[in-house]
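Asks: According to TrEMBL, the protein has these features:
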DOMAIN    A:14-77  domain 'MrpA C-terminal/MbhD'
DOMAIN    A:186-300  domain 'Na+/H+ antiporter MnhB subunit-related protein'
TRANSMEM  A:6-23  transmembrane segment
TRANSMEM  A:30-49  transmembrane segment
TRANSMEM  A:55-74  transmembrane segment
TRANSMEM  A:94-114  transmembrane segment
TRANSMEM  A:148-168  transmembrane segment
TRANSMEM  A:189-205  transmembrane segment
TRANSMEM  A:211-228  transmembrane segment
TRANSMEM  A:240-262  transmembrane segment
TRANSMEM  A:282-304  transmembrane segment
Amino acid sequence: MSGDFWFDTILGLVLLTLALATVRAQQLAAAVMIFVVFGLILAVAWARLGAADLALAEAAIGAGLTGALLFSALARQAKAESAPVSKSSSRSSWLVLLLSLMLTGILCFSLWWVPLQPEHHLMPLALEHLANSGTEHPVTAVLLNFRAWDTLLELIVLLLALMGARLVSSPMLQTPQRWPLASQWSKRLAPLLILVAFFVLWRGATAPGGAFQAGALLAAAAVVLRLNHQLPPLHWRYGWVRLIVLSGVLAFVVAGIASALLQYQPALLIHWLEWPLWLAKPLILFIELCATLAIGLTLTLLVVGEPEELSS
Amino acid sequence: MDFNSWLPLLIVLSSLIPGLLIFTLAEHRTLLRTCLNLSGVVIKLLLVVWMWLGVKAGEDYFFQLPFLPGGPFILHGDALSLQFVMLSSVLWLATTVYAIGYLENSPLRSRFFGYFSLCVSATVGLALSGNLVTFVLFYELLTLATFPLVVHRGTPQSLRAGRRYLAYTISGGVLLLMGAALLHSVAGSPVFMPGGYLSAQLDTQSMALIVAFVLLIAGLGVKAALLPLHGWLPEAMVAPAPVSALLHAVAVVKAGAFGIVRVVYDVFGVEVMQQLDLTWPLVVLASSTILYGSWRALQQQDIKRRLAYSTVSQVSYVTLGVAMLGPVAAIGGLVHLVHQGVMKITLFFCAGNYAETLGIHKVHELNGVGRRMPLSSVAFSLGALGMIGIPPTAGMVSKWYLSMGALEAGFPWVLGVLLMSSALNAAYFLPLLYRIWCLPAAEWPEERRLSDRFETHWMLLLPPVLTGALIVLMGVLAGTDISPLSWTELIVEREFGYVE
Amino acid sequence: MNYALAAVLLPLLAALLALGWRRYAAWVSWGGTILSLLCAIVALQQVLSDGPQQMLLGNWPTGLAIRWQLSELTALLLLLTTVIHSLVASYSLTSLRRLQVAADFWPLSSLLQMSLSALWLSTDLFNWYVTLELLGLVAVAMVTLSGNKSVAAALRYLLLSLAGSLCYLLGVALLYGQFGVLDVAELATRMPASESHMTTFALVLMTAGLMLKGALWPLHLWLPAAHAVAPAPVSALLSALVVKGPLFILWMLWSQLATVELSHAAAGFFLFAGSMALLTGGWSALRTPYAKVMVAYSTVAQLGYALLAIGLALRSADPAFQLALWLFIIAHALAKTSAFLAVGEMQHSLGGKRVQMLKGASQTMPVAMFALAVAGGSLIGLPPSGGFLAKWQLLLPLWPEWQLWLWLLVIFLGTLLSAAYVFRLVVLAFDRADPVKPDFAPQLLPQWLALVPALLVWGLAFGSHSFVHWLGG
Amino acid sequence: MLSNVVEWLWPGASFGLANQLAQLWFGFTLLLWLAAACYSVTFIKRQVGFYWLFFIVAMSGNLLLIVAQDVLGFYLGFALMSLSAYALVIHSGSSQARRAGRLYLQLAIVGELLLFAAIVLRVHESDGNLALAELTMDSIQPLTLLLLLLGFGLKAGFFPLHVWLPQAHPAAPAPASAVLSGAMIKAGLFGLWVFVPASAVVVQQWAVVLLVLGLCSALFGAVIALWHQQSKVVLAYSSVSQMGYMLMALAIVWLSTGDARVMAATVLVGYACHHAFLKAALFLGAGACSSYRLQRFHWLAIGWCLFTLVALPLSSGAAVKYGLKQGLMAQQSSPVWLAEWLYGLLSVGALTTALLALHLWCLLRQQQMATHSQSMPAVSGWMNSGWLILVVASISMPFAVISTQPFWWASISLSAVWASSWPVLAAVLLFLIVRQIGWILPERWRDPQSRFVWLSLRAKRLYQTQSRAEWQVRWPGWRSLERQINQGLQRAELLSTAAVVLSSVMLILWLLH
């Protein structure tokens with residue numbers, strides 16, 4: 001039994017304990033807090049598994065952003081009215097438990113059968129074409145070139161999340177009182193975060209990182225600033241706000257159309273999202289940049305957007 | 001495509017288009033609406049007469065349009081379809097005049113006349129249908145177009161009747177659809193042909209054929225008001241008189257009966273029917289319907305309900321005649337299709353007149369009406385006598401052929417059924433005539449006197465008088481070339497391959 | 001293929017433009033839809049003349065890239081989507097001004113069209129997941145268009161939709177883990193050969209997720225609330241289009257990836273679920289006191305036909321069942337669009353959500369009522385509507401196989417139930433004794449626009465030859 | 001002989017008078033109707049339009065059935081006649097008339113239906129031939145014969161089928177009774193004559209029975225008539241009796257062959273003609289008797305009619321009776337002893353007929369006496385002329401109708417005179433004795449009520465029922481159960497339950513697989 005084994009075991013147990021604690025927590029605030037911790041530990045777990053991308057993403061999104069979202073949700077809640085737990089809902093929770101257990105059981109059972117070394121057809125293929133993709137990192141290549149269409153659609157998903165949130169008018173955000181220390185702290189933190197964000201973005205071309213993580217960091221910075229009233233309210237009716245939010249998708253579409261036009265040959269099929277080799281890297285960078293900004297702003301709006309700002 | 005192949009479509013469209021136009025008219029455009037209606041009627045009648053002459057001379061009218069895979073949309077003007085087309089066109093003329101008078105100054109006339117025209121289009125389309133698929137199509141359309149007329153009054157009572165009507169007819173339609181699908185999957189949907197088109201499948205698929213037959217008859221039996229499926233008809237009598245008259249007495253129930261004719265003769269054919277031993281159940285069913293309908297009619301105190309049950313009974317004469325599978329019986333059944341239509345429409349017109357003019361709905365209120373409304377009452381009496389089958393009315397002719405056919409086809413007991421039915425008919429119609437003519441008049445409510453008119457509005461009076469005259473003419477002049485009887489003989493000779 | 005691509009991208013561009021350029025959102029979105037409609041028509045024509053085409057996005061080799069396939073079927077579905085969206089958009093142009101959040105409707109509906117179009121074209125398991133997710137989110141966002149009252153239903157919809165997506169994703173992951181490919185065609189070459197508990201489980205998981213998203217019995221319970229609470233054009237889009245996406249994927253999965261024995265076993269389940277959907281959905285529609293809920297339950301019931309068709313098609317080699325499936329989808333989409341638009345229009349003018357508000361509607365709002373009745377006719381399957389055509393295609397191959405008589409009975413009962421609930425409304429509409437007076441003068445144009453899809457579906461049977469030709473092989 | 005196929009009427013329509021006898025039948029019927037019409041001109045005072053309408057319809061029906069040479073035409077005429085006669089029966093509108101009318105109509109309809117069946121069967125037997133002339137050639141089934149006898153018998157009104165006659169005749173106005181009794185009931189006989197093929201074996205067998213039946217009817221009618229105190233009822237029963245004789249004549253026609261058959265047919269037609277005139281005249285007389293002041297010559301006419309009725313020599317009655325006896329003896333088909341018995345009983349029949357005539361004479365006289373004759377109006381010219389026609393026709397019949405002349409001549413031979421007179425003399429004697437003794441019919445025996453009116457009322461109640469409610473399905477507690485189901489179907493937890501169930505189903509499916 002190596003130290004690694006014990007570390008992994010303890011990690012797994014801690015994860016399970018935290019998950020259980022999140023569910024069983026009496027107070028919402030505590031649950032949220034434990035959830036944030038859970039996200040952080042999970043990031044460590046991903047890192048242990050060798051998935052640096054996922055670890056980064058988990059840290060940024062699972063711990064940071066989700067935590068912020070949940071906290072803002074908490075803040076928006078009026079006096080916590082605990083709904084009486086009805087009998088039927090307890091019955092249904094038993095059902096849910098049963099369902100989860102069953103699912104887990106089946107999952108374990110089938111994982112047993114998963115070949116440890118899956119016959120990967122795509123990995124060699126991807127690596128083979130990596131040189132033509134305009135980026136060195138396979139993940140980025142997949143995201144922004146091989147399966148760029150998925151990414152484009154995911155960006156739209158994010159956009160949609162924002163639009164959905166805009167439509168549900170929620171109570172006022174209860175921002176805390178101006179707190180000198182916090183505002184000082186945020187003044188220092190925000191530039192740092194922005195810097196890190198752009199670093200992560202840049203790194204994406206060669207190593208784990210990319211637009212989603214960068215955007216999340218950017219958003220974190222914006223949220224912090226906004227919560228400390230160091231940023232003016234972001235109104236949906238401002239053209240630039242909308243433009244930035246849309247910029248990710250727009251950049252994709254424009255890039256796609258532009259490259260299609262550049263490669264246009266009347267007799268042939270137009271290949272959608274096929275970057276010309278010489279333009280691939282700048283295009284990907286352009287798209288990533290726009291996407292980062294869009295993601296950042298979108299997430300910010302999701303977290304701190306005020307009702308009157310959001311709804312038209 | 002030359003004109004001949006367009007003619008069937010034109011006949012259908014000649015009522016459809018005015019109908020659709022009428023829908024769009026505002027309520028107060030009475031004159032325009034009347035013009036549209038009447039022009040549609042007249043054009044249709046002219047076209048039908050043209051086709052009638054053509055078919056008589058041996059022309060063939062065939063219109064085809066791709067529709068379902070393997071089942072095109074076919075309109076085919078043959079002798080049998082013309083029988084029904086002619087009936088509905090002529091009676092549509094009468095009913096249109098009647099309805100214009102009947103609905104004078106009542107609301108929602110555009111809707112009424114619109115649906116009315118649609119109904120006639122569906123009926124005519126059904127008559128002209130060249131294959132089973134087209135038939136099913138128009139059969140369902142007829143259901144749909146009739147429904148708004150049944151509930152036209154919009155009272156709770158009529159809504160209840162409408163629900164019932166739908167429950168029955170839609171179920172029947174679905175059954176018919178299933179049966180048609182089964183037959184289509186067995187043998188496709190070729191053009192109706194004398195002798196049927198199923199003899200090739202007789203050996204291999206006899207079970208399927210029997211099931212299909214049961215489904216088809218059950219589906220058609222709803223409209224034809226065969227015994228367990230007749231419940232909608234008496235209820236539907238809450239509709240305005242022209243609707244009861246044309247649709248329930250003529251178009252809808254006849255659609256079912258006509259369908260049975262088609263199924264028996266042109267889909268299955270005599271040979272297959274006999275091989276599968278399908279004849280006698282249908283005969284028994286029709287016979288029991290005849291007796292049951294008459295028996296129920298006896299117990300009704302509402303005039304229209306009594307007439308409705310009488311329809312239940314009388315329409316089954318058609319089924320009976322067709323089911324017995326003999327040339328003479330077929331003549332009887334088919335000619336009754338026309339005769340019963342004319343007689344029943346007369347009765348309903350008159351019942352409507354009584355209700356409109358004097359507010360009479362029940363049997364016991366009829367006392368002495370004959371003095372107050374002699375012409376209507378004469379027409380009513382002629383209709384009633386025709387129903388009983390008293391010469392020289394048209395009813396006698398069909399009863400004669402049915403009886404002869406029953407003997408010829410080897411169903412002597414059917415003669416007893418016919419006699420029983422006639423006796424029952426007499427039992428429920430003659431008391432009405434007795435009240436109308438022989439009893440002293442009751443006191444009519446003051447506002448019903450309508451002193452400035454002779455009997456009632458002339459538009460209400462003319463149609464029953466004309467159809468009443470027709471009843472006698474069709475009986476007395478049954479041997480002439482233009483009589484329904486000789487046309488039926490032509491059908492039986494030409495379509496069913498019988499040579500007398 | 002280029003035109004199909006255009007038909008996907010045009011609504012996306014329109015949505016983006018509409019978001020940015022809010023004053024003209026309606027016109028931009030509408031224009032995008034109309035243009036994409038033209039593109040879809042041309043795409044269909046091309047497919048019919050040149051045969052099926054495919055496109056590898058980014059021009060990467062098969063496997064690496066997402067593959068789009070434009071067959072007759074997908075072209076037809078693409079056309080259906082654009083047609084319905086353009087009809088709904090036209091209706092919304094005339095009627096949505098009275099809604100507060102009209103500006104948000106346009107980009108959302110365009111995105112809906114885009115995501116569904118992308119779904120039809122795709123043949124990639126993961127891309128399907130993304131489009132499904134997109135579809136679900138758009139749908140939820142659109143449900144919330146009617147404001148606070150819709151939040152509960154929308155949230156429920158969102159959560160269940162996410163759960164469904166996760167199930168599906170899990171299945172995708174398992175398959176990817178085992179086979180390492182995501183393209184359906186490639187998977188189809190490997191999967192049936194190496195069938196294991198794993199693949200079965202993955203398929204089951206994906207099926208569960210798709211059934212949840214597609215509101216297929218018994219996982220349909222979120223649908224009535226969500227569809228009923230949304231604004232009329234949204235309900236129309238949701239019922240007509242959104243639930244069809246998962247159904248499409250379901251069919252692709254089972255017809256292509258499963259082994260024969262497995263699909264036979266699953267067919268039994270689908271048949272059972274379809275029958276239950278038909279019967280319970282029809283019954284609930286019949287008994288519910290709310291008009292839009294009734295129409296929504298009718299969707300549940302009608303999806304039962306689709307399930308039946310899937311089950312039968314899996315069990316039998318007869319291509320007619322597949323044909324029936326697609327015809328059901330097309331006919332139901334058109335009919336349901338009309339039904340929801342009409343009911344919404346009447347609900348708006350007459351006031352009230354209950355079925356009783358339709359009393360006398362045939363006099364006060366004749367065109368809308370007519371549209372509802374005509375659409376109902378197609379739902380029942382009255383000739384010559386599209387519903388009839390589909391039912392006919394289902395019945396024809398069913399009859400010769402006598403051991404399947406039970407499903408015939410189910411179809412019969414389902415038809416009767418649908419007739420019962422449709423005519424329940426229609427009968428009420430003819431009430432003249434106690435009609436509901438409209439709150440304000442009904443607009444005529446929206447009513448006519450609601451009628452258009454109903455008329456389209458009634459003309460469908462006359463085009464059946466083409467459908468059989470395109471879909472039946 | 002004129003026969004004429006008319007193409008444009010109903011199928012097979014043809015008209016004509018096939019032979020001399022038919023012509024004669026047509027002739028006397030027409031004359032009878034004309035006379036009745038003349039009489040009606042002033043006699044009918046209320047609802048004149050209706051009366052004449054149905055009078056004319058009935059008349060045309062009656063004439064049509066004689067003229068028709070095809071089955072349908074015959075049936076048309078027959079139905080027209082018998083149904084429109086209903087209106088004549090109930091013309092007075094009294095409750096008695098309506099009761100009688102109801103019975104009449106019920107039986108007429110039944111008869112009509114039976115007849116219809118019979119005709120259909122008959123036509124079927126002869127391969128769909130619609131021409132009457134060709135019907136008589138064929139054999140006949142017993143059922144058809146029975147139906148024919150019942151159908152026509154109900155109209156002809158001989159013994160067991162006579163029930164409507166004594167009700168309807170007194171109820172109808174006099175001229176209507178006249179045509180009813182004079183012409184219409186003969187139509188039944190005519191129908192039998194036309195439709196039944198004489199030479200068929202069945203007919204030969206049945207004819208003997210009919211012969212006996214006819215005599216029974218003859219005796220029964222005359223005897224029952226003595227119980228009744230209303231002149232028109234007595235006349236009606238007399239018709240029953242006389243129809244019995246005619247039935248015998250018909251049976252004789254069937255039974256005899258060759259020349260004898262021609263003779264018998266002549267007798268039949270002659271008898272019908274004779275009875276038509278005299279009975280119509282008597283009815284007219286009876287009608288006038290109750291409300292008009294009669295002159296002496298009226299009584300003379302009545303006397304002559306009674307004279308003819310009892311078949312005293314020189315009258316047409318004597319001729320036809322003689323012919324009947326001759327025919328009875330001439331036929332060879334029935335057993336000789338039966339013929340002789342019947343021959344003997346015919347004299348008894350004559351005796352009873354004579355008693356009836358005397359009874360009737362007394363009744364008529366009483367009727368006239370009972371009313372204040374001076375206040376009565378005089379018989380009008382129209383009525384007189386109608387009456388006159390009939391009486392003259394009755395007197396002149398033996399001369400005018402050539403075919404019966406031989407019988408007339410034979411009947412005034414001495415033996416024939418004696419044969420026809422002694423029963424009458426015996427009857428007069430008997431009558432005088434009864435008079436002398438002073439025996440009168442006990443009150444409770446007078447005017448026996450027919451049960452058939454009561455039966456007809458019962459029949460009416462049977463078919464005029466009240467409507468009953470439609471049969472309806474009622475399920476107790478159905479609604480609440482259904483509500484529970486509906487609520488259950490829409491519960492929130494159902495989703496998770498469904499998910500569990502679904503998963504289990506799939507799991508099982510998967511494991512089984």
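Every residue gets a Cβ built from N, Cα and C, even glycine.
What TrEMBL says about a protein is an automatic prediction, not a curated fact.
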Asks: Do the transmembrane segment (A:240-262) and the transmembrane segment (A:148-168) come together with 3 or more C-beta pairs under 8 Å, pairs six or more apart in sequence?
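Replies: By the criterion, they touch.
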Asks: Tell me, roughly as an integer, the mean pLDDT over the domain 'Na+/H+ antiporter MnhB subunit-related protein' (A:186-300).
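Replies: That stretch averages a pLDDT of 80.
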Asks: For the transmembrane segment (A:55-74), give me same-chain residues lying six or more residues beyond its boundaries with a C-beta closer than 8 angstroms to one of its C-beta atoms, as numbers and ranges.
Replies: 28-29, 32, 35-37, 39-40, 42-44, 46-47, 173, 200, 208-209, 212-213, 216-217, 219-220, 223, 299, 302-304
Asks: Summarise the domain 'Na+/H+ antiporter MnhB subunit-related protein' (A:186-300) as counts of helix, strand and coil residues per DSSP.
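Replies: Going by DSSP assignments, the domain 'Na+/H+ antiporter MnhB subunit-related protein' (A:186-300) contains 83 helix, 0 strand, 32 coil.
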Asks: Mind tallying the domain 'MrpA C-terminal/MbhD' (A:14-77) by DSSP state, helix then strand then coil?
Replies: 57 helix, 0 strand, 7 coil
Asks: So what's near the transmembrane segment (A:211-228) in sequence-distant terms, Cβ-Cβ under 8 Å and 6+ beyond its ends?
Replies: 56-57, 60-61, 64-65, 68, 175-176, 178-179, 182-183, 186, 189-191, 193-194, 196-198, 200-201, 204, 234, 248, 287-288, 291-300, 303-304
